[in-house]
Amino acid sequence: MIKLERRAAPSSMGLVLIPVIAVFLALITGAIFLYLNGLSSPKGITWGQVFAVYGGMLDGAFGSTYGVSETIVKAIPLMLCGLGVSMAFRMQLWNIGAEGQFYMGAFGASWLALTYPELPVYLMLPGMVLLGLLCGGLWALIPGIPRAYLGVNETITTLMLNYVAILWVNYFIFGPWKDPQGMNFPLSKPFEPSAVLPTLGSSRVHFGLVFALAIAVLLWFVLKQSRWGYEVTVIGESPRTARYAGMNIKKNIILVMFVSGAIAGLAGMAEVSAITQRMQQGLSPGYGYTAIIVAWLAKLNPFAIILVAILLGALQVGGYSVQTTGVPAAIVFMIQGALLFFVLGGEFFNRFRIVLKNQGKVEV
Amino acid sequence: MKLSKKILTIVFTLVLAVALVGCGSQEKPKAAEEGKKDAATDKLKVAFIYVGPVGDGGYSYAHDLGRQYLVKEMPDIETTIVESVPEGADSERVLTELAEKGNKIIFATSFGYMDPVIKVAQKYPDVKFLHCSGYKTADNVGTYFGRMYQARYLSGIVAGKTTKTNTIGYVAAFPIPEVVRGINAFTQGVRSVNPNAKVNVVWTNTWYDPAAEKEAGKSLLETGADVVAQHQDTPGPQQAAEEKGKFGIGYNSDMSKMAPKAVLTSAVWNWGPYYVNTVKAIKEGTWKSDQYWGPISDNIVDLAPFGPMVPEDVKQLVETKKQELIEGKFDVFDGPVKDQTGKERVAAGQKMSDADMLSFDWFVEGVEGTIPK
């Protein structure tokens, strides 16, 4: 007879193994899908060809300087949004709203770039950064404050505010910000060069990478070394303990939501400033949602988030690259979904152990 | 701290492991692939990038039907597709990669690819880029689109003849000129045969959202419409009409399969001939950058076959009007054209210019709804 037994503490082996196993299981799931998909094509498929697809992805993502640079470009918003949501997750605040916070950050930055185009670069860029942080953070406070004072479920409110944020931005690009030279298409005017973040050489790798790395270090430091970081961790793990210890939970919910949203907002600022260089629709192909996978796969560790973001960036870049050999786009989304599924599934085994009754283990 | 280090090590090992697995299995097939490439170097490589999945049954699907037609007509070329390419950061990379991989002609089929196309085209002067529905050109960048409004007008005639309640619904994606023009042309068609009919517009703010688009269709039917037209990539509104026992006008490709009892006809894209002509012209060296806006006489836009419920006299009428459009006897926005407020926008005897049509931001008389500004 099989029984489940709660572990006293999460297994450290599990912490090591779960992400590894999850990645492999996700890749295997993808491989099975590719194989079945190939079978239905007239040419058929071999397992060798299936693995060649993964080889092709890897080649597309890391096989050239250009590939590597583009993987990083794709990873930057994932890093920042991942760092943002990880902050909230650590306190068991389910901020699903990074997508909306990203858009609001981009909105704030664009507002400055479009309203005061004549600002010199040393005012413009810092101003855009500040507004990106502020707008993203304030947007996260809208669900944060009711959560703190009324216990309103933030999973739902953060998620729903994503749509509001996107429609808010749409209002501006379809209306007041519409480029007069744009034949009535929903695009803002292009930004002045002073509002464009610097890039590395001729690549598109932009200053957002520095933001991401700096924030990773900062978060790590805050969480491990500061009193506030300690409070956040304790509140996350056991609100009751935190309350007994006299920690101000309400204040911390609000603070953490603000910081979480602000970091996602910075991601939006960097993307609109460095990549599209104007406000437009489709600025984010779901970075805020992919960031949730990033944060979980990295077990909320700031440095791991950087690496996992690169991994998922590579998966997407590689995914588009292998499409040229006839692989459908859906494969990447499948692997991503499978990743989250297996990581969360793995959590279960981390918390519980399977016990065979007849082996004489003690039952709980 | 101990923990974070451990995780760091794990993730790093993981990346390496995946890298190794990938590299190990990659060598052989890649060599084989290169061999294949060598054998095919004399083949002209043509690439397509789509904003949606090929299987959307709508806009990207219609482009892919065009590509398939191209392959059938010109078996000596090799085509590549990349689907579901978002209009943000990704498009520039995908375009660059396609150019790097030796594609000499790249069709970028969505409006949002405009800036990236211009940027990438500068770096690859020997590659020809054709951008659908945009307005920026360069020596090696042309634009193309079809006068879908002409097919819309014809479908409007069918709707105007069919409606009993004199209320027609229109599920629309985004208030951009292309969509506004379509609504206006459709309404002109409706009112040419039924001056009392009104066209109610609902915006969904999506191109591709089966559930939302179906809901929008339902809400129009519930408020009195008995025919639903659409500017959306899914057949959702048609399915709503089917369920309610009402009628619909499909878009992009023939949607009668998805709602056989409802679909009167569909206003469809027929990109194939354009793709063949363009690729041939480039191959023969006669191509020059231009802004092609193909009329119905080029067959780039058309109506899908009528459903069995459409009476013979309506079919005849539409056929006659189609011939007149083809022969250029009239166009959809020939004056007098009034706007919603009754103000005359195109005077009698005047024609609306292409520039005005391409930047449409007002509704003609007979449309109920507003353009958000």
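The backbone N, Cα and C atoms fix where each Cβ goes, and this holds for glycine too.
Automatic, uncurated: that is what TrEMBL annotation is.
These come from TrEMBL:
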{"type": "TRANSMEM", "residues": "A:12-36", "note": "transmembrane segment"}
{"type": "TRANSMEM", "residues": "A:72-89", "note": "transmembrane segment"}
{"type": "TRANSMEM", "residues": "A:123-142", "note": "transmembrane segment"}
{"type": "TRANSMEM", "residues": "A:154-174", "note": "transmembrane segment"}
{"type": "TRANSMEM", "residues": "A:205-223", "note": "transmembrane segment"}
{"type": "TRANSMEM", "residues": "A:253-275", "note": "transmembrane segment"}
{"type": "TRANSMEM", "residues": "A:287-315", "note": "transmembrane segment"}
{"type": "TRANSMEM", "residues": "A:327-349", "note": "transmembrane segment"}
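Within its own chain, the transmembrane segment (A:154-174) is flanked in space by residues 93-97, 99-101, 103-104, 106-107, 110, 139-140, 142-144, 146-147, 186-188, 257, 279-281, 283, 288, which lie at least six positions past its ends and keep a Cβ under 8 Å from the stretch. The list of residues near the transmembrane segment (A:205-223) in space but at least 6 beyond its ends in sequence, with Cβ under 8 angstroms from a Cβ of it, reads 69, 72-73, 76-77, 79-80, 83, 86-87, 90, 129, 197-199, 229, 232-233, 263, 266-267, 270-271, 273-275, 301-303, 305-306, 309. Between the transmembrane segment (A:253-275) and the stretches A:12-36, A:72-89, A:287-315, A:327-349, Cβ pairs under 8 Å are most numerous for A:72-89.
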